[in-house]
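Annotation source Swiss-Prot lists N-myristoyl glycine at GLY2. Per Swiss-Prot, transmembrane segment is recorded for 7-27, 45-65, 82-102, 112-132, 153-173, 297-319, 345-365, 389-409, 437-457. Taken from Swiss-Prot, the feature coiled coil covers 243-279.
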Amino acid sequence: MGWGAVVYGGGVVGASLVGLGWAGLWFLNRRLYKEYEERRALVQILFGLVFAFSCNLFQLVLFEILPVLSKHARFLNWHLDLFCLILLLVFVLPYYHCYLLLRNSGVRRERALLVAALFLLVFLYGFWRMGIHFPMPSPEKGFFTMPQLVSRIGVIGVSVMAVLSGFGAVNLPYSYLSLFIREIDEKDIKTLERQLMQSMETCIAKKKKIVLSKMEMERIQGSEEKLKARSFLKRIVGTVVRSVQEDQTEQDIKSLDAEVQALEELSKQLFLEIYELRQAKIAAAFSRTWRGHAQNLLGYALSVYCVYKMLKSLQSVVFKEAGSVDPVTMTITIFLRHFDIGIDVTLLSQYISLIFIGMLVVISVRGFLANVMKFFFAVSRVGSGSTTNVVLFLSEIMGMYFISSILLIRKSLANEYRVIITDVLGGDIQFDFYHRWFDAIFVASAFLSLLLISAQYTSRQTDKHPID
């Protein structure tokens with residue numbers, strides 16, 4: 001391989017990683033950090049690195065199919081990407097996350113560094129012990145090898161994927177089908193808005209009372225100077241009266257504070273309910289358009305596929321099978337078997353594999369980022385101080401999620417591409433186990449989501465008009 005090929009390969013890899021890292025930083029700052037002020041530079045860099053190396057795994061799968069770059073360059077890129085990503089996930093992120101938690105709690109820098117190092121040792125021990133309960137490669141070459149680390153990361157990542165996929169398999173038809181859309185009366189929304197305004201006005205009035213009560217306490221405390229000029233008896237009586245007044249005022253302030261907190265919580269709930277009703281009203285109006293009807297048909301098709309996927313996963317769990325062929329591939333296979341259309345089947349299967357993997361990549365990345373945003377905004381409501389911790393946690397989950405996606409996507413590839421990924425990840429990895437594990441968690445998550453969404457839908461049906 002000449003120097004020109006080396007420079008070209010390095011340029012393509014470097015440019016793609018820089019582009020992916022920039023995309024990760026854009027997503028973090030524009031979509032996640034939009035309403036939050038705390039922005040640590042190192043946290044952003046770590047998130048961008050994990051995002052770049054994670055997405056590069058999918059890019060490398062496409063490079064193998066197209067193909068792009070030489071075989072040797074792709075092989076080196078695989079190893080470099082996995083090495084850097086595992087280094088970040090297993091060593092850097094746990095250590096730095098613990099260090100930041102300690103520093104934010106007021107621990108001195110030297111002690112935080114030491115405690116974070118001890119935590120990393122405990123984390124590595126727990127990470128190693130986790131592999132005892134799952135099929136793992138032979139430990140002859142040691143713990144810190146690519147197959148050992150990828151296998152353990154895969155268990156966590158596949159579990160996260162299965163939970164998200166199980167919920168999505170139930171929630172997606174529920175979101176798309178007009179059957180589950182309820183009609184919202186505008187007067188219900190107006191009633192809620194009046195209640196929200198009344199709650200906010202009452203809250204403001206009580207806050208004013210708190211301010212006035214505090215001013216009254218300051219006035220009473222300021223009257224001590226005047227009491228010193230009076231007789232001894234008058235000072236005693238004044239002190240007793242002032243003490244009683246202060247106690248009563250303090251009790252009033254505490255009572256008002258509790259009422260204000262309750263009103264603020266009520267206002268928040270009313271605001272969220274108004275928002276949900278507005279969204280439901282928009283969805284109901286959209287369902288009556290031609291695009292809404294098309295989405296409804298798509299919802300029925302997706303419902304059939306999701307039911308099929310749940311049944312096949314249940315079959316895989318019950319009969320301990322290693323996963324089955326998806327209906328799209330099955331249909332194409334049957335068609336080509338019965339109809340000779342004069343097309344090279346090998347070439348066609350390669351292009352179909354490319355399209356299918358591309359769709360899997362786009363859907364997987366899009367679905368993961370959507371869930372990242374939901375999780376981020378849900379957790380970050382507790383305060384801006386937790387934003388950094390949430391971003392680091394999401395970086396950890398993101399890397400594990402994408403590595404696990406490669407473990408599962410591998411089975412959808414043609415044998416020639418499957419062998420390459422097997423060699424890179426390690427031939428000792430029990431790939432079939434991850435498919436069975438995914439199916440088991442997927443079925444449990446899907447049925448639990450079905451119960452929760454059914455309960456939610458039933459409660460909405462029994463309460464057509466939530467406002468009396």
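Our numbering is plain: 1 for the first residue shown, then up by one each step along the chain.
Cβ from N, Cα, C; glycine included.
Beyond the ends of the transmembrane segment (112-132), by six or more residues, the same chain brings 90-91, 94-96, 98-99, 102-103, 143, 148, 151-152, 155 to within a C-beta distance below 8 angstroms of the stretch.
The transmembrane segment (45-65) makes no contact with the transmembrane segment (297-319), as judged by fewer than three Cβ pairs under 8 Å among residues 6 or more apart in sequence. Below 8 angstroms of C-beta separation, residues 86, 89-90, 130-131, 134, 299-300, 302-303, 306, 309-310, 367-368, 371, 397, 399-405, 407-408, 429, 434, 437-450, 453 of the same chain, each at least six residues beyond the ends of the transmembrane segment (153-173), sit close to that stretch. Proximity of distant same-chain residues to the transmembrane segment (82-102), defined by a Cβ-Cβ separation under 8 Å and at least 6 residues beyond the stretch ends, is recorded for 40, 42-43, 46, 49-50, 53-54, 57, 111-113, 115-117, 119-120, 123-124, 127, 146, 149-150, 153, 388-389, 392-393, 395-396, 399-400, 403, 424-425. Taken together, the residues of the coiled coil (243-279) have an average pLDDT of 78.
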